[in-house]
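A.B. asks: This is the structure, below, for whatever I ask next.
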Amino acid sequence: MKQPRPSLIQFIGKRCTESDEDYGNLNKEKMEDSREPGARVYTFIDDNDERRDEIYYDKWWQKFCLRFHQPDSTPSWKPKWWTRFFPFPLFSTYRQSALKICFILFFLLTWGILYAELGEAIGLHGELLGMSLLVIAAYLIGWIWLKVTTLPALIGMLLTGILFQNFGLVTMTDEYRKLNQDLRKLALVIILTRAGLGLDAKVLKKHYAAVLQLGLLPWLVECIAIAVTTHYLLHLPWIWAFLLGSMIASVSPAVVVPCLFRLRDIGYGESKGIPTMVVAAAAIDDSVSVAVFAIILNAMFSSGSVTWNIIKGPLSIIAGVALGSLWGALISFIPESGDTHVVPLRFLLLFLGGLFSLFISSMIEWSGAGPLAIVSSGFVAAYYWKKQGWIVNKNPVSDLFRILWIFFEPILFAFTGAQVTISTLDPVVIKMGAVCLVSCLLIRAVATFLVSFGCGLNYKEKLFISLTWMAKATVQAALGPAALDLVHRSQTTGESNKREVYAETLLAVSVLSVMLSAPLGALLIAVTGPKLLTRDNGDNKVQSEVESMKPVAHNSSQL
């Protein structure tokens with residue numbers, strides 16, 4: 001027996017040019033005459049009357065408010081006086097407002113508990129409070145930046161860190177700088193684990209040539225191009241130039257993946273599996289970038305012989321992949337798949353295993369092994385979990401890492417921005433750094449177009465991938481300050497001064513790469529996607545979704 005449907009508020013969000021088949025033919029002509037182009041429609045439906053009431057939001061300020069406030073997706077309660085004093089969409093709904101108040105109360109209660117235990121360190125003038133407010137401000141400004149500009153929220157978070165640092169709103173002594181470093185390492189573990197969990201063995205087997213070509217060759221070309229240009233234009237030593245190149249050459253899934261999935265959801269590129277193929281290539285690109293960066297950085301600051309450091313590089317790669325694969329296989333069978341607490345146990349084993357790999361490999365100076373072990377463990381675990389019925393990158397453990405990234409994304413980008421002091425930056429470094437980045441992005445685009453031959457793509461699809469396979473963000477934010485952190489620990493004063501200049505140049509160029517390439521990548525994906533990719537004929541999405549699509553790059557928590 002069919003159960004009666006409960007009352008709900010359904011957001012239609014249709015334009016007047018669309019068909020009214022979803023509504024039925026009731027009063028169709030009257031509706032078409034009364035709607036203005038671009039008006040958003042909210043339909044209130046109950047059991048007895050499927051079209052009891054409709055509200056049209058067609059004024060400019062209402063449309064602007066709808067960028068920030070969305071209706072509740074399920075029935076909700078509110079006080080009788082709420083609508084009179086806080087009308088929607090000028091204000092958010094009661095449910096959403098109550099949720100925000102809960103978060104504020106959580107923060108105040110947590111602050112009060114910590115203040116009672118830690119004292120002035122978390123007081124009004126304490127560094128911990130300043131760092132906490134920086135993260136909260138970064139999250140809020142990033143959210144506003146996303147809603148207003150439809151560009152990635154991480155840009156707003158990065159700018160927040162820069163502003164806080166240069167207006168003196170946050171200070172970090174050596175004691176708390178170490179906390180900053182550890183939090184960035186936690187963020188790196190989350191990035192790499194999600195990269196491993198997003199790798200589908202079936203996709204790799206089907207498109208292994210295309211994935212390897214896109215994941216390795218453009219990265220290698222851009223790495224060499226960055227190294228050569230920065231050596232001659234920024235006067236970096238070759239080892240520092242290749243260190244910078246290995247970091248800058250990485251593509252950010254936080255920008256590329258949400259934009260591609262938005263295209264995929266409306267049918268573009270899905271028939272040839274372009275979004276899935278690019279996601280797999282991005283995971284390999286990130287893994288190689290982090291591993292090579294760690295190997296070079298370890299060789300630069302290691303006290304061992306040059307010969308041993310050279311031999312240790314390939315050995316660390318083999319050791320990282322082998323140990324990570326063993327750990328991933330182990331946690332696919334322990335705990336047992338039918339255990340009541342299988343989700344939190346698998347999450348903790350994978351996350352803590354990643355932290356152990358990163359910190360231990362750094363301690364024993366085998367830094368290249370840690371990142372590869374993290375990616376390998378996530379990939380192998382996801383492979384076996386799929387056999388047990390969990391979908392790759394859409395299982396409960398992946399969802400927990402998405403939630404964790406919501407908290408660590410503003411931490412990563414805000415703290416990276418807070419490392420930049422504008423008054424100490426050399427204008428020549430910024431100018432020449434921008435020249436290096438733009439020229440190398442063009443070189444990478446050409447290289448991507450050329451290496452995509454043999455991937456089963458037509459010319460338009462190759463052009464699309466070459467134009468969008470360039471956005472930087474997560475890896476650059478996580479690794480940009482790493483060299484500067486090690487320089488601050490250096491004991492040799494004379495050598496440390498030179499290295500500090502080089503490390504500050506690396507940090508400045510890494511931040512600049514995010515500022516230039518992240519919005520450019522998001523815009524190119526949104527603008528060129530519908531023009532260069534073919535759309536599946538069987539797709540039942542309305543065409544207005546494509547016409548109204550903007551360069552949206554959601555928080556990477558939604559990946």
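Backbone N, Cα and C define each Cβ position, glycine as well.
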A.B. asks: Among 180-198, 313-331, indicate the range for which TrEMBL gives the feature transmembrane segment.
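C.D. replies: TrEMBL lists transmembrane segment for residues 313-331.
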A.B. asks: With pairs fewer than 6 apart in sequence excluded, do the transmembrane segment (366-385) and the transmembrane segment (128-146) have three or more C-beta pairs that lie under 8 Å?
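C.D. replies: No, the stretches stay apart by this measure.
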A.B. asks: The transmembrane segment (313-331): which same-chain residues, six or more beyond its ends, come within Cβ distance under 8 Å?
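C.D. replies: Here the qualifying positions are 196, 291, 295, 299, 346, 349-350, 353, 357, 361, 366-384.
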A.B. asks: Which stretch, 153-173, 240-261, 343-360, tops the Cβ pairs under 8 Å count with the transmembrane segment (400-422)?
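C.D. replies: Between the stretches 153-173, 240-261, 343-360, 153-173 has the largest tally.
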A.B. asks: Who are the chain neighbours of the transmembrane segment (428-451) in space, where the CB to CB distance is under 8 Å and they lie at least 6 residues beyond its ends?
C.D. replies: 213-214, 217-218, 221-222, 225-226, 229-230, 233-234, 248-249, 462-463, 465-467, 469-470, 505, 508-509, 512-513, 516-517
A.B. asks: At a threshold of under 8 Å on Cβ distances, which of 98-116, 153-173, 366-385 pairs most often with the transmembrane segment (506-527)?
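C.D. replies: Stretch with maximum Cβ contacts: 153-173.
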